[in-house]
Amino acid sequence: MRFSRIPPIFANVVRQTHYRNYANGVIKPREFNKVMVANRGEIAIRVFRALTELNKTSVAIYAEQDKNSMHRLKADEAYLVGKGLPPVAAYLTIDQIIETALKHNIDAIHPGYGFLSERSDFAAACQNAGIVFIGPSPDVMARMGDKVAARQAAIEAGVQVVPGTPGPITTADEAVEFAKQYGTPIILKAAYGGGGRGIRRVDKLEEVEEAFRRSYSEAQAAFGDGSLFVEKFVERPRHIEVQLLGDHHGNIVHLYERDCSVQRRHQKVVEIAPAPALPEGVREKILADALRLARHVGYQNAGTVEFLVDQKGNYYFIEVNARLQVEHTVTEEITGVDLVQAQIRIAEGKSLDDLKLSQETIQTTGSAIQCRVTTEDPAKGFQPDSGRIEVFRSGEGMGIRLDSASAFAGSVISPHYDSLMVKVIASARNHPNAAAKMIRALKKFRIRGVKTNIPFLLNVLRQPSFLDASVDTYFIDEHPELFQFKPSQNRAQKLLNYLGEVKVNGPTTPLATDLKPAVVSPPIPYIPAGAKPPTGLRDVLVQRGPTEFAKEVRSRPGCMITDTTFRDAHQSLLATRVRTYDMAAISPFVAQSFNGLFSLENWGGATFDVSMRFLHECPWERLQTLRKLIPNIPFQCLLRGANAMGYSNYPDNVIYKFCELAVKNGMDVFRVFDSLNYLPNLLVGMEAVGKAGGVVEAAIAYTGDVTDKSRDKYDLKYYLNLADQLVKAQAHILSIKDMAGVLKPEAAKLLIGALRDKFPDIPIHVHTHDTSGAGVAAMLECAKAGADVVDAAVDSMSGMTSQPSMGAIVASLQGTKHDTGLSLDDISKYSAYWESTRQLYAPFECATTMKSGNADVYKHEIPGGQYTNLQFQAFSLGLGPQFDEVKRMYREANLVLGDIIKVTPSSKIVGDLAQFMVQNNLTRETLVDRADDLSFPKSVVDFMQGNVGQPPYGFPEPLRTKVLRGKPKVDGRPGENAKPVDLDAVKVELEEKHGRTLSEEDVMSYSMFPTVFDEFETFRQQYGPVDKLPTRLFLTGLEIAEEVDVEIESGKTLAIQLLAEGKLNKRGEREVFFDLNGQMRSIFVVDKEASKEIVTRPRALPGVRGHIGAPMPGDVLELKIKEGDKVTKKQPLFVLSAMKMEMVIDSPIAGTVKAIHAPQGTKCSAGDLVVEVEP
């Protein structure tokens, strides 16, 4: 008799009669035709699959918020319930569910788990409507689904129980009285539901009342009834549960037990069947007691009896789950019994014998483990996450079963429901093998867009005590190492985010001109595969140390070359924008062909902060990368004495630590200079380098003209005296740093000749710029006068404000006693590569405004790199024709400051003052006259205070007094009395701020450039290793249909193609479509220009401790403060509710509530600003 064949007018009467007779055992029920699942998500789909296998029509219900959920689509039919109701409430509308079932001729309803699955009133409503409830009868549910009633039944059946309240309680006072009688710890549990909802352990009497309120609220929200019961807490138990099946003929069997001891907040995380290492005697008694209890109450259908087993083997009944369990899967895997099919067929009236299920035939084979993959962030206390799944790839293969619902790319994880995404079940011959399969499967998962607990699950599975099966419910609490995660790299998706950002919003690195990077592939000279670099000068340094290294340099015939192409050349010509990507590409050729170089300058100066600020790459990683590719040539960097890589003075311990780390990472030669030639600053840098084991190249910044007798400040005597002090300070190499290129050939001959005569044993190294056009001639004179090393840039990166041409110097010295030993053929190939590569940096090309050098540098003495910047600024402001005036004013500013040494940061001081004078139409005389009333640039004030150091000939007066107006002065070395930085404390603070383990190098970058580092770190976490992208794509992105291969590491290459860019949606976003490794992916990018019109909720700013945001998406359930309130640190501010979990958010600081941005009831996204506290 099928219900569907009965005319609708009589259907309800027949159904009621049928069900009553069925319940009383009078008639044998017939087969179902249509079965509804009153649930959602993966359990609904699990039941649908069973119905399909049994050739039955599956029917889904769904809430409005679940309109796009997969369970609605998987069913044969689906109907909306709870229209206009909150998301969870829709699945609790018994009347609407029954009405829908009657309307569509539903024969039976399967409740799944959660929601109404343990509500006896729902089972009764089904019965009254003539619909079969697939589960226990209403009276059994009322008794067993109610945990207190189930406890009483256990006592009646002779099963030992844990001390607890005799019935549900609804007031905190009752909980307090129980705690007083039995002592703490106690546990509060929801009386009408499970899944960890409404459960709290309480260790102190004074905490009972607040815990009761929270548990009651959670239970009310999850199950529609906040009643709780209280039990004495059993210490260190294992959580063992027994799976039961009972028919309507009085037969009952067990399907053995499961171990659910791995729990968090009383919610199961990992389940195992059968329970490993459970003593056989205990197992048999537990199974027998579970059957005894089930027979005592006349249990029907599927259910679970749960026990706590203590360390001595004593066990206590805790509850019955009168429904199917989430972890039923592991029992199915070890017994081969389809529990859901069995449920349905038992509800149809079949006996266990009909199903060929008897205790004797039910056996276990092997072991099974289930892991619940959830959208929770274990690094943040398992905060639920929600949002769009951008990427989903599962782990599969032999021994792996996946039960899921919303696990696919494009799926939106709602904040309204449970965070379970997919259940992964691994089965094998034994527990360790099952764990190995599970580890393999979880490692293959790729889920992007939402956080998951997979890293935590992997740590659990690898933990020795888990593998030894010696875990109890304290397992997670007692193993903090489970929360030590290796951050997910997520490189591919982050790079897509970057390319999408560039496509929608344009370059992330500001482009200096309208020129576009050329579409070129720079030619890389051929190198035989596996060829090892020949021996170079670095081998001497590594084997014999800095002192012997210096002797070796001095003893070698000829003049050696330092190649500045990797640093100062592009700093001068291309705004310091050359990326590691392009340096690394040519590095193997450099190692093979230029082993005769003295050094390769590739680090320091402006490159350090620019690499983070504009190129979004780590300067330390650049050093590490190049060191691996060029092991044979010494690396050279520019060290600003007490400024290190920065622009201000740092405490000494920062300088020393920086040098230590630089040497550790592969730096060899440190050109130590000071922007004022201030000896105390120089000595700090020299001592730090020497202590670290680096080569100390003490540099004297050159200015003026030693051949001009009228310029008596920086004469030959000045340089010889300073050089004498540096040599006495144990410099390994003496350097002349001509940063403006004002060292004329004749001056070079005089100065270098005098230094060589006075210091015959120390190597001399000369650096210059070719701004005047006389750089090659000057370097040739240096070589002839006794210089051991001169600086040059490869031909296509030389000239103008860069260094002189390497090819020109090498060719000019060939065949002489100063021969460099370098090959012009190799230089030609090297130059061809950089000529092509330079076109990629067209947006930063100085040649757009600068067409040649200019000998007027001998007057204004502007350093090479600064000259380029000043000229570009002038042209960009429409002052190109007045650039000569800008240069003239630079000279005036220098003179008014006392004719100082000009190199970063002192050159910036002169530049700032020059612009200030131009803007205010000042001359040298009027500046001094009006100084009392002018607001000078900060850099000028700092200089006058002595914060940069002491000029060789003192500060200009009365200008200094007028500028300072009583401000304090520093008379000695600025950093001498600076408090050491607690680098360990900084590391802890940074790791807390950025949420990952940071290196010593990261801490050092922050110590010198705190804001730049923070922004770089935030950028990299969002967009990944953009340094792996080819330069043109990094700067301007992909064109539609363009493809690119991106090697993210050796043997791992991403194939990326940009497919399309979507239209603007109502959230101000555009969807950008990519093909990644043959699979389509899409991301949503906020159109920053269009979104200016869209009102959004303010965001909590990272690093601002008074900004307290929503740590997860959810609703503001309760505000515990109001504006103007004084709050203490860790005082509760508000309660957030998400995924049926409540979280109390505390204040991280003491202060006053400045503003509440999200009133009670507000729906928040993760990171939305809720409360603002003013310290």
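Using N, Cα and C of the backbone, Cβ positions are placed for all residues, glycine too.
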Further binder of ATP named by Swiss-Prot next to LYS147, HIS266, taken from the candidates GLU99, GLU177, GLU231, GLU235: GLU231
Additional site residue, ARG640, ARG960, ARG965, ARG973 [criterion: listed by Swiss-Prot with ARG567, ASP568, ALA569, HIS570, GLN571, THR904 for substrate]: ARG640
Same-site divalent metal cation binder from LYS532, LYS728, LYS737, LYS817, given that Swiss-Prot records ASP568, HIS767, HIS769: LYS737
Candidate with sparsest Cβ neighbourhood (10 Å radius) among GLN571, THR904, the listed binding-site residues: THR904
For the divalent metal cation site built from ASP568, LYS737, HIS767, HIS769, further residues of that chain with CB within 8 A of the site's CB center: THR564, ASP738, MET739, GLY741, THR768, ASP791, GLN803, GLY864
Fewest-neighbour residue among recorded positions, criterion Cβ within 10 Å, set HIS266, ARG323, HIS769: HIS266
Candidate with sparsest Cβ neighbourhood (10 Å radius) among LYS737, HIS767, the listed binding-site residues: LYS737
LYS147 (ATP binding site): tally of other CB atoms within 10 A of its CB: 26
Additional residues surrounding ATP, by Cβ distance to the LYS147, GLU231, HIS266 centre under 8 Å: GLY164, ILE187, LEU188, LYS189, ILE199, PHE229, ILE318, GLU319
Fewest-neighbour residue among binding-site residues, criterion Cβ within 10 Å, set GLU231, ASP568: GLU231
ARG640 (substrate binding site) to LYS737 (divalent metal cation binding site) - Cα separation in whole Å: 12
Site diameter for substrate, Å, by largest Cα distance between ARG567, ASP568, ALA569, HIS570, GLN571, ARG640, THR904: 19
Cα within 10 Å of GLU231 (ATP binding site) - qualifying binding-site residues among ARG567, HIS570, HIS767: none
Count of other CB atoms lying within 10 Å of the CB belonging to ARG567 (substrate binding site): 25
